[in-house]
Amino acid sequence: MRSPIKRIALSTGGGDAPGLNAVIRAATLAARNRDWDVLGIRDGFNGLLFPEQYPDGGLIQLTRDRVRGIVHLGGTIIGTTNIGNPIAYPVQQSDGTWIEVDRSEELLARFEEHRIDALITIGGDGTMGIARHLHEAGLRVVGVPKTIDNDLDKTVATFGFDSAVEFASECIDRLFSTAASHGRIIVVEVMGRYAGWIALNAGMASGAHVILIPEIPYRLEPVSALITERARRGAKFSIVCVAEGARPVGGEVSIVGKAVGQAERLGGVGAKLTAELAQMTGREARTVVLGHLLRGGSPTSFDRLLGLRFGAAAVRALDAGHNGVMVALDPPTVNYVPLAEATHRQKTVPLDCDSILTARDMGICLGDEMPTHTAIGP
Ligand code: F6P
């Protein structure tokens, strides 16, 4: 039988996503209503690992006042990082080489020192992996899934995704008029890592003519054939929505670089495609990279609500004695799934899903074949 909870900590890890502050607010209020003390750890776990680097000691007391009026704000009021994985912390040695050090013992000791009885950690697959490790090492943990990429398994949705899709769709809507006025190809590159959810959903919602996703390696021939056919029929412009993780058949994903202790950074496929399509079609082409714009700004009401539901559900989970679980959207409810299951695999776009079938039915080119009918003409 574990001791009753008196104090919990919240942390946000990995890339930020609209909706994080909604989780922080709901979890704080639900915890305060149970008379639990709530601490926010700054910048993932850095606030606990490097307290000397923060004027406030790396921990923020989360009170009702502190979480008032934050639901509509992007980002996270407690900060985040995608560098400081405490299980594999990058440390440079005297000869300049880097090693990864497991600092989880040290981290657990800090939880004890601060008499923190349980952790609610909000993040993507990396954070859920850390949560699982800390849970197995003895910490009481509940995970809350977050990512604009929507690639976390065992939850129907993560907050941040809807806001990213909404904004990307709006940007593509805007690109239509300028592309049409100039008769240009515009290639829009969107984030999403190795999953094509953002590209597929935003591309479909805004009427892109070509959508390229990591799950379907593309060939240039059907893409340029579609663009040329559209021009022949009078539509001299085309919009291509490409996921940053898309790659050509037999080719590699475009990587910008990789810093020590970080996942590799994807990017560049949009510019590459633009040059190739301009050359193959003889048409003018431009690239727009939406990048981090997809992570900023105010969350949609869907993401706010999902964040609030997840935050309160995480506190209810702890109160009910759950441990080592992730809250998950399982409509119409929010469920709890073991962290071990949640971190098992990445959720990518199934090739037979309804959206893919719809895109094909509508004559959208997915890069593997020239659609049998295009969206123009009789
Ligand atoms: O996982 C969220 C995400 O925005 C990805 O879509 C993108 O590849 C990555 O993070 C970018 O990370 P960073 O903020 O380190 O550039």
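Glycine residues also receive a Cβ, built from the backbone N, Cα and C atoms like all the rest.
Feature annotation from TrEMBL assigns domain 'Phosphofructokinase' to 7-318.
Annotation note: Gly126 (ATP binding site) sits in a helical segment as assigned by DSSP. Residues or ranges marked as ATP binding site by TrEMBL: Gly15, Gly124, Asp125, Gly126, Thr127.
Look at TrEMBL and you will find Asp125 tagged as Mg(2+) binding site. Sequence-distant neighbours of Asp125 (ATP binding site): residues of the same chain at least 6 apart with a C-beta under 8 Å from its C-beta are Thr147, Asp151, Leu152, Thr343, Gln346.
Annotation comment: TrEMBL describes Gly126 as site 'Important for substrate specificity'. Of all the Cβ atoms in the protein chains shown, 20 others lie within 10 Å of the Cβ of Gly126 (ATP binding site).
As annotated by TrEMBL, substrate binding site applies to Thr147, Ile148, Asp149, Arg184, Met191, Gly192, Arg193, Glu244, Arg286, His292, Leu293, Leu294, Arg295. Residue density at Met191 (substrate binding site): 25 other Cβ atoms are found within 10 A of its Cβ, drawing on all protein chains shown.
Annotation source TrEMBL lists active site, proton acceptor at Asp149. For Asp149 (substrate binding site), the Cβ neighbour count at a 10 Å cut-off comes to 29, with all displayed protein chains included.
Long-range Cβ proximity for Arg295 (substrate binding site), meaning a same-chain Cβ under 8 A and a gap of 6 or more residues, is found for Gly15, Asp16, Ala17, Pro18, Gly74, Ile148, Gly160, Ala164, Met191.
Of all Cβ atoms in the shown protein chains, 23 besides its own fall within 10 Å of the Cβ of Gly124 (ATP binding site). Only Thr147, Asp149, of the binding-site residues Thr127, Thr147, Asp149, place a Cβ under 6 Å from an atom of ligand 1.
Take the Cα of Gly126 (ATP binding site) and measure to each of the binding-site residues Asp149, Arg286, Leu293: the nearest one is Asp149.
Within the set Gly15, Gly124, Asp125, Gly126, Thr127 that the record links to ATP, no two Cα atoms are more than 11 Å apart, and one pair reaches that distance. When Cβ atoms from all protein chains are considered, those within 10 Å of Arg286 (substrate binding site) total 17, not counting its own. Distance noted between the C-alpha atoms of Asp149 (substrate binding site) and Gly124 (ATP binding site) is 9 Å.
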